[in-house]
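First up is the structure itself, then whatever we jot down about it.
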Amino acid sequence: MRNQFIFYSLLLILIILDAWLLAHPNLLGKIGVWIYKYSYLKTFSRALGTVVLLSSLTLLLTWLIKHYFSLGTARFIMGILLAGTTYILIQTIVQFSGGTYAHTGAGFKTGAILLPFILIIIVVKNLVEVFLQKESSDSGRDGLKTLPEE
């Protein structure tokens, strides 16, 4: 239980930091946000909502996969999720390393790269839990598999 508290506390800190970084680009970044109509990044509260929404959807998706699929299938699907989020991270790094995005400021670039990194952290945590889970015939309430207590 203590490990869960530490994980979610660190996740909350990363989410708030990411939203702050995304909401505070330099002058060229602000112009880009205005031109490309990135309204979801204009203010801290909107950026926070965006990061919280994406993180929450990832948490929900991994929870559903853990509890409604067999272990083999859950491992496979989460492996695909890990590959997808890693691809998004690489694409973000490449995109923000050149072109107009390279001039948006170090903070904004860091925030843009931190978002897929947060999603990777969520997927990896749940993938590790699935790999540590043992096959058992014991089902939890409503037919859901239960995770071992720590």
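Heads up, the Cβ atoms here are built off N, Cα and C, so glycines get one too.
Some features that TrEMBL has for this protein:
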type: TRANSMEM; residues: 5-23; note: transmembrane segment
type: TRANSMEM; residues: 43-64; note: transmembrane segment
type: TRANSMEM; residues: 76-94; note: transmembrane segment
type: TRANSMEM; residues: 106-124; note: transmembrane segment
Among the ranges 5-23, 43-64, 76-94, the one whose Cβ pairs under 8 Å to the transmembrane segment (106-124) are most numerous: 5-23
Long-range environment of the transmembrane segment (76-94) - Cβ separation under 8 angstroms, sequence gap at least 6: 58, 61-62, 65, 69, 112-113, 115-117, 119-120, 123-124, 126-127, 130
